[in-house]
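Features reported for this protein in TrEMBL:
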DOMAIN    34-127  domain 'Pirin N-terminal'
BINDING   His66, His68, His110, Glu112  Fe cation binding site
DOMAIN    180-284  domain 'Pirin C-terminal'
Amino acid sequence: MPEKEGSCAGLNEPRLVVRKFLARPQPEGVGAVVRRSIGRFELRYFDPFLVLDEFSVTAPAGFPDHPHRGFETVTYMLQGAVKHEDFDGHKGTIGAGDLQWMTAGRGIVHSEMPAAQGTQKGLQLWINLSSKYKMIEPRYQEISSKDIAEATKDGIKVRVIAGEALGTKSAVYTRTPTMYLDFTLEPGAHLRQPIPESWNSFVYVLEGEGIFGRSKSTPVNAHHLLLLGSGDGLEAWNKSSKLLRFILVGGEPLCEPLVQFGPFVMNTQEEIDRTIDDFENYTNGFEKARHWRSESGLTLDF
């Protein structure tokens with residue numbers, strides 16, 4: 001069942017941290033390593049968020065040919081580059097600081113493989129879609145690093161992936177209403193960021209050490225996920241001597257039944273069974289998968 005933290009409207013007060021997880025490395029794909037914080041056994045689902053991975057991949061490892069249906073994947077590169085390719089002929093490279101917001105809808109088969117030397121690092125977030133959008137046609141929103149909206153104020157820098165912060169709005173359209181903000185706080189900086197009261201929200205720390213919720217809370221360092229409780233916003237402090245970088249993500253809960261089988265996310269077991277049949281028989285959105293293979297030539301089992 002979906003977690004309930006943060007799903008109810010609160011008073012006009014900052015959200016407090018109600019749960020904390022350290023995302024530990026685990027194998028994923030073919031030879032890749034991810035730190036999974038949402039989608040692990042302690043937190044299967046945080047409505048509407050299905051998975052959050054901080055991934056690290058070095059060639060020849062990667063994420064070869066695999067399908068999706070019923071949700072969106074948001075890939076945000078932190079270092080290096082990943083080559084993306086799908087069965088409809090859509091291909092390109094997601095470089096450092098770039099964003100790809102992919103709506104899988106009724107079905108996509110694609111691959112994500114290293115496109116540069118060394119280690120490629122990034123974040124991938126899976127966002128569930130409402131039942132009325134699960135079978136829409138796939139689409140992409142791709143924004144290069146130089147075109148991502150940014151703002152700076154009082155020692156705070158934000159990259160606005162989705163939503164709004166410091167008076168700056170993202171151009172990304174979110175079918176499931178979502179905010180996705182990449183904050184960097186200089187030493188001594190203090191952030192106050194509004195969050196719609198009915199939304200679930202979380203913080204994931206990328207770099208440095210920060211204090212969240214209460215000014216006297218214990219500092220939290222990299223690779224920790226913080227689930228936020230009810231309230232109308234987040235307060236965060238950098239009381240250290242180094243930069244603090246974290247993402248703040250929030251979304252409107254769907255409050256719908258959820259049945260997941262690997263890369264397929266639907267509302268009922270019957271819909272999952274139908275999806276597996278569609279994929280295995282190349283029908284109802286998966287027709288182009290019959291004769292398609294990515295340049296990697298590999299297929300990911302699930």
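For all residues, glycine too, the Cβ spot is worked out from N, Cα and C.
Source: prediction; values computed, not measured.
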PLDDT averaged over the residues of the domain 'Pirin N-terminal' (34-127): 94
Cβ neighbours of His110 (Fe cation binding site) where a neighbour is any other Cβ within 10 Å: 23
DSSP helix/strand/coil residue counts for the domain 'Pirin C-terminal' (180-284): 13 helix, 49 strand, 43 coil
Entry from the binding-site residues list His66, His68 having the most other CB atoms no farther than 10 A: His68
Nonlocal residues around Glu112 (Fe cation binding site), in sequence order (Cβ under 8 Å, 6 or more apart): Gly62, Phe63, Thr75, Val82, Lys83, His84
Helix-strand-coil residue split for the domain 'Pirin N-terminal' (34-127), DSSP-based: 0 helix, 67 strand, 27 coil
